[in-house]
Structure formats: C-alpha cells, structure tokens
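Colleague: Let me begin by handing over the structure; questions about it come next.
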Amino acid sequence: ECPAWLWLLLSLLSLPLGLPVPGAPPRLICDSRVLERYLLEAKEAENVTMGCSESCSLNENITVPDTKVNFYAWKRMEVGQQAVEVWQGLALLSEAVLRGQAVLANSSQPFEPLQLHMDKAISGLRSITTLLRALGAQEAISLPDAASAAPLRTITADTFCKLFRVYSNFLRGKLKLYTGEACRRGDR
C-alpha cells in the first residue's frame with residue numbers, strides 16, 4: 001500500500017496533463033496550494049501580456065464569463081446553484097482560451113511567450129475540470145438548480161491581457177469561493 005504523500009505527489013505530477021489519476025485523493029482541490037498554483041500561472045500570464053500591445057490583440061471579441069461576484073447573493077445561493085455558475089463559467093472560459101489559442105496559431109508573428117501561457121492555461125483549465133469532477137461538483141447540480149439557473153453573465157475580451165485577467169479573476173473569485181464552500185461542507 002502506498003503512503004498518502006506518494007499519491008499526492010503522483011497526482012501533482014499528472015496535473016499539467018489534465019488526466020485523472022486512479023486512486024488519487026478525490027478532494028485534492030481542497031488543498032489551497034493546488035488552486036494557488038493555477039492562480040499564479042494565470043497572474044503570470046496576465047503580467048506578461050500587460051507589456052505587449054499590438055501582438056497581444058485578439059483581433060476579435062471573445063465572449064468570456066463576467067467575473068464580478070455579489071458576495072451577499074453568492075452566500076445565499078444553494079451549493080448546487082453555485083456549482084452551475086462555476087461549471088458554466090469554466091466551460092465558457094475554456095472555449096475562450098481555445099479560441100485565443102486558435103487566433104494565436106493563425107497570427108503572422110506570434111508573441112512566443114504568449115504561446116507558452118496559452119498552453120499552460122489550457123492545461124490548467126483541463127486539470128481544474130478534472131479536480132472539480134473528483135470533488136463531485138457535477139453531482140452537486142440538481143435538475144431544479146440547472147433549470148432555474150440565471151443565464152450566465154458575460155463580457156468580451158479583445159486582448160490576451162483581458163482574457164488572462166478574466167481567467168485569473170475567475171479562479172480567484174467564483175472558483176475559489178465555490179471550492180472553499182464545497183470543501184467545508186464536504187459536498188461530494
């Protein structure tokens with residue numbers, strides 16, 4: 001039998017791949033250091049793109065989730081409603097980052113550091129999705145919650161900097177609030 005620290009190490013090594021690890025601790029996302037790693041990567045990408053101008057334009061508007069959080073309303077939401085909002089935002093953000101990667105691939109002169117950060121963002125979003133599934137976040141969504149969910153508020157991003165800012169804010173805001181509450185409650 002393997003010690004728990006070995007499973008944690010193996011799980012962390014596989015995170016960049018976004019692959020589920022059989023036998024991995026199901027509540028790995030409840031360890032604040034795991035989410036912190038993705039937050040740091042997102043913030044680093046945002047900082048890199050702050051300094052570039054024309055090469056960091058998306059040349060189109062990409063729809064992304066609005067990351068503003070009404071904390072009073074959020075605390076009053078059922079965990080299932082929070083899960084719906086997080087899953088919808090995560091799905092839209094993943095689509096937006098993939099669209100950003102396609103724009104970058106079609107660019108005549110791609111900004112090299114940007115490609116690395118796009119790849120990290122895609123990998124990070126896949127890993128976060130896997131971690132949320134392991135937490136049981138999808139099971140927290142009941143049919144009434146999904147049916148009564150308000151439409152996801154959106155904004156547009158026209159630069160890679162804004163795209164990465166939304167990514168960073170989403171992780172730091174709704175995702176962190178949801179996982180914190182789900183981990184405290186033990187909802188799975």
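Backbone N, Cα and C define each Cβ position, glycine as well.
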Colleague: Taking TrEMBL as the reference, Cys30 is linked by a disulphide to which residue in Cys161, Cys183?
Modeller: Cys183
Colleague: In angstrom units, rounded to an integer, how far apart are the Cα atoms of Cys30 (disulfide bond) and Cys56 (disulfide bond)?
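Modeller: Between the alpha carbons of Cys30 (disulfide bond) and Cys56 (disulfide bond) there are 34 Å.
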Colleague: Just to be sure I understand the packing, how many Cβ atoms besides its own are within 10 Å of the Cβ of Cys56 (disulfide bond)?
Modeller: 19
Colleague: What whole-number Å value do you get for the CA-CA distance of Cys183 (disulfide bond) and Cys56 (disulfide bond)?
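Modeller: Just about 37 Å between their Cα atoms.
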